Amino acid sequence: MIVTALDPTHPLAAGLTHASRLVRSYQGERQEVTPVWFMRQAGRSLPEYRDLRVGTRMLDVCLDPAMASEITLQPVRRHGVDAGIFFSDIVVPLKLAGVEVEIQPGKGPVFERAVRTSADVDRLSAVDPAALAADTFAAVQEAVRLTTAELNETPLIGFAGAPFTLAAYLVEGGPSKDHLRARTLMHAAPGAWARLMDWTADLSGAFLRAQVLAGASAAQLFDSWAGSLSLRDYAEHAAPASARAFSHVRDLTYTVPSADPDGEAVVRAVPIVHFGVGTGELLPAMHEAGADAIGVDHRTLLDEASRRLGHIVPLQGNADPAMLAAPWEVLSGHALDVLDRGRAAPAHVFNLGHGVPPETDPAVLTRVVELVHGWRA
């Protein structure tokens, strides 16, 4: 593989974030203080977010660099978390590639035309992600640059939807409880399914790469719907596409100078995280797709997840979001149990098993951050 060095001004290459607790944990180095951030930390649980969103549409906000940056920064300022997670939506790259999609409040992404046949896949893939105009992701990259300029030594995590989840949305035409149509296409028209997965992989990969090149210090794929698949179907029909998406950022590297004046500098790759919902049985396959760290949802205990991964993979997770509304003695006990079980992995980044519920009291999240930062293994 030919490697590509990040620009010297990139936060990793410039020495701002390469030694952060988050980046080092993703690379397998256990930290004295466990890093913590929350999926959907930027969102409806924050009053400042709700104020900013009045009268706006989700996709418009995602493509407004100043607003996307401000929303990304809000939870970092409020909670003191160890990372920002770029504020966007998994359908943004689809929108930028010309797919007609809108996010309907209370429902989620809704597509003008579902992708149900081989002809539909051919129509969609007529737009080659590799041939998109150079400025396709310009608004996204500007938002990343604005954000990292304020974050300084706090790393920003870039994110994208995993190829299977994007494909499932496209085939279903919107949200689904069982993703039956997607699984049907997978088996009824395997050739069309493979082309669809290659296309979503390249689009997700390009979206991730744009964020990393603009300043993100890590990259995470979110596979919200992978839990609907058997291990066999995931390994055969989804994991190769995730690996293909990761390949778009796997070549990006930076150099860390040696602490020893006579030592040699070390070249490191941008860390990659793979998270899925309901994927306890899929964890080894998710890791084999090329991730450095694995996100675990709340259904699988972290020590069990580490066992399934041979105790060699850094883990992220996995407090139950429902616990955020429980009394503090219940929540704190749960968080401490997560931290204790996380010791089974070589390194651990504390997070939730899914996103922050909109009704969560922000003060509770701040208190969880303080608890995690005060804990010692």
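Placement of Cβ uses the backbone N, Cα and C atoms for every residue, glycine included.
Per Swiss-Prot, substrate binding site is recorded for R40, Q41, A42, G43, R44, D89, Y169, S224, H354. Taken from Swiss-Prot, the feature site 'Transition state stabilizer' covers D89, and the record attributes it to sequence analysis.
Features per Swiss-Prot, on structure.
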residue: R40; record: substrate binding site; contacts (Cβ under 8 Å, 6+ apart): G355, V356
residue: A42; record: substrate binding site; contacts (Cβ under 8 Å, 6+ apart): Y49, I71, T72, Q74, P75, G84, I85, F87
residue: R44; record: substrate binding site; contacts (Cβ under 8 Å, 6+ apart): R50, P358
residue: D89; record: site 'Transition state stabilizer'; contacts (Cβ under 8 Å, 6+ apart): M58, L59, C62, I103, P109
residue: Y169; record: substrate binding site; contacts (Cβ under 8 Å, 6+ apart): I90, V91, P109, F111, G161, P175
residue: H354; record: substrate binding site; contacts (Cβ under 8 Å, 6+ apart): M39, V277, D297, H298, P321
Site diameter for substrate, Å, by largest Cα distance between R40, Q41, A42, G43, R44, D89, Y169, S224, H354: 23
